[in-house]
Structure formats: C-alpha cells, structure tokens
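Some features that TrEMBL has for this protein:
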ACT_SITE  K78  active site, proton donor/acceptor
BINDING   G175, V176, G177, A178, V179, G180  NAD(+) binding site
Amino acid sequence: METHLDPFTSHQVITVSDPDAGLRAVIALDDLTLGPGFGGVRMRPYPTPAAAIEEAQRLARAMTFKHALAELPYGGAKSVIVADGRGLEGDARRRLFEAFGDAVARTNGRYIPGVDMATTLADMSVVRERGATVYCADADPSPWTARGVYAAMRAAVRGVLDSPDLSGVRVAVQGVGAVGGELARLVAADGGELVLADVDANRAETLAAELGGRAVPTSEIATTECDVFAPAAIARVVTADVVPQLRCRLVAGAANDTLDGPDIDAALLARGITFVPDYVANAGGVIHEHARAMGWTDERLAEAVDAIGDRVLDLVAEAGPGGSLVDAAERRGRARLAAGAGA
Ligand SMILES: NC(=O)c1ccc[n+]([C@@H]2O[C@H](COP(=O)([O-])OP(=O)(O)OC[C@H]3O[C@@H](n4cnc5c(N)ncnc54)[C@H](O)[C@@H]3O)[C@@H](O)[C@H]2O)c1
C-alpha cells in the first residue's frame, strides 16, 4: 500500500501477515532521501489495524526529522508488531521474529530495525539471522540519550530562560528509569533542583534521597511548579487537558511523541511555555547506534551528542522570542531533506 501524506517523496507502508508465525506487522518507511530508513520495532496491542498503521507512520515521520536534525545519513522508518496481549516467549517468539526478519530482508536494506518498546536485543539477533541489516549495539544507549537531553535542556534554559546553567533551576522528571534516572543525576550535578516521580514510587524516592531532590506522586509531576518539565516515561503526556495545568516554562525531555497532537505546541506557546522537540533532545540514542555501527571513538560520540545543545540554541535563535522550536526544527529538517534530494 502506498500513501502520500505531503510533498515528501518516499512514504511507503508495508503490511506483513504470516498467520503460521502469528505475525501481523506494519513497516512504515517515511522519507528516505538521506539514507535507508532506520527506526525501532515496537510490539504492543492495537485496537484496529488502522491504529497500528497510524502509529507506525507517525513515529516514522518523527524519525525522519530526528535523523535530519541530527545530521545522520538515515531516513525515517518505524515498525510495529501487533501483540495479542499474551506474553510471547521461547520458540513462538523466535518464529515470530524469524518471519518478521524475512519481511525486513525483503526491503533490501531500505529498512534498518532496532529495539523499541517490548522488543529486545535477542529478538534483533533473530531478525539479523534472516539476512536483514539491523542496528543495535550491545551497549545500552540510555546514558547517551540522557546526555543529549541534558545538553538540550541546558541550552534551552540558557536561550529561553536566560540562565547560564541549571543552578537553582527546578526540573521535574517524569519517570526515573534508564534515561530519566541518568538525566536526574546530570541535572543534580549541575546544581539543579529536582522533583521526581515514577510509577515505581520507591525508585523515585530512593533517587530523590540520594540526589537531594523531592519525590512526588505520578499524578502530580506534570503540574508541579517548576522551570522545566522533563517527560522521560511514556508517550503523549502533554494533552490538551494537561496544557492549562502546567506550571513550567519549558518542556524538555526524552519521551518520544511527547505532545498529544499537532495543536499542542501552539497551545503551550500561548501559555508562554516553550517545547523542545523530543526528536531533537533525545537523538543521543540514534547517534549512539550510528557511532557504534561506524566504529567511532567515545570522544567523537560525546562531541556529536553534546552538539544537540548547539542545535537547540540555533533553533531558539531561529524561532525568536516566544517562537516555536517545533516549527524551526521542521523548517530545518525540510531544508536538509531538500538539500539531500538535490545532492
Ligand atoms: N533508552 C533510550 O535510549 C531512549 C532513546 C530515545 C527515547 N527514549 C524514550 O525515553 C523514555 C524513557 O525511556 P527509558 O529507556 O528510560 O525507559 P525505562 O523503561 O528504563 O524507564 C521508564 C521509567 O518510567 C516509569 N514510568 C512508566 N510509566 C510512568 C508514568 N505514567 N509516570 C511516571 N513514571 C512512569 C517506569 O517505571 C520507568 O522507571 C521513553 O519514552 C523512550 O521512548 C529512550
């Protein structure tokens, strides 16, 4: 099935069905101007086939911009495997990922998968065995993602709030897992004041005690009075209902797909809140995968991840006072794609 969403050239949705292996999946290839489509494989239940396609396409589009802005030689892609709600282990899981690997191999390298929600390095090894190109370094990308989010946050605090560093800046982190926990450490080391929440309340309380912050219930974190709200748990947390309740000046975090819809950025700006696009701030993970695939040194990788901060400062300058960083980022992304198409 071909879809045409906008002037980009290469949208394609591949639907995969292999009843013997229990596989129903969608591979969405967005714009491939800059290179093969790179994006993770997400496995979760979907209410309808259309919902699976829509999520794959939306996430693939974000990957196009993530790579374009991070100056990586990849297009945007994402795939989703429709889970039936039952845990899938052992031989059945292997069979499913073998079938998925066959579908990926048939794209002839146009789609490069990696891990995402509910898929693992072991699953990706099975996909690779079937002849598919797969990117997933054995090393955990999370510390690099956190480092990039920290660089983005620091730059936004400087560019938008006119504060030289995070000293005395109050940061509310939603979810202190692999990325959020490391982000909290970086913020604390920079003199930031932490408010933390996690569905695992003990995790948030222990980290808050260690770093000198405060833990609050998850129901309160988004509306806590703070300078920066940093979502680092789940998608689409900034909804039309949440916007009027926010008491922050910046939203800058790690969670993919933070905004619940295309109108939310404008609603935030109308309240004087600047949103740092998630795909700009959290690009440390994909930069890490690229660095490992290319054999970069850690020094080179660190430089590339820290450059996320410079990118955010550029976006702030381009957007102007009270301007949208989302619009600025999309303009940049499209310019990069246009330049790539002409190259
Ligand atoms: N890991 C990476 O390198 C990477 C890269 C890019 C984007 N991201 C995004 O960053 C986010 C965090 O990823 P992670 O790897 O740290 O995941 P993780 O599973 O290690 O951590 C998520 C944490 O959030 C908590 N949580 C879940 N639901 C919550 C809720 N409703 N309220 C508060 N806390 C909640 C979990 O208990 C957990 O501690 C995700 O949205 C992910 O898509 C991660």
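Backbone N, Cα and C define each Cβ position, glycine as well.
TrEMBL entries are annotated by machine, without manual review.
Feature annotations (TrEMBL) mapped to structure.
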| residue | record | Cβ contacts under 8 Å, 6 or more apart |
| --- | --- | --- |
| K78 | active site, proton donor/acceptor | A28, G39, G40, R42, A56, Q57, L59, A60, A62, M63, D116 |
| G175 | NAD(+) binding site | A197, D198, V199, P231, A232, A233, I234, A255 |
| V176 | NAD(+) binding site | A184, L196, A197, D198, R203, A204, L207, A232 |
| G177 | NAD(+) binding site | D198, R203, A232, A233 |
| A178 | NAD(+) binding site | D140, S142, A146 |
| V179 | NAD(+) binding site | S142, T145, A146, V149, A232, A254, N282 |
| G180 | NAD(+) binding site | A146, V173, Q174, L196, D198, A230, A232, A233, G253, A254 |
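Those same-chain residues not listed among G175, V176, G177, A178, V179, G180 yet with C-beta within 8 angstroms of the centroid of the NAD(+) site C-beta atoms are S142, V173, G181, E182, L183, D198, A232, A233, A254. Classification of G175 (NAD(+) binding site) by DSSP places it in coil, neither helical nor stranded. Under the three-state DSSP scheme, the residue listed as 'active site, proton donor/acceptor' falls in the strand class. According to DSSP, G180 (NAD(+) binding site) sits within a helical segment.
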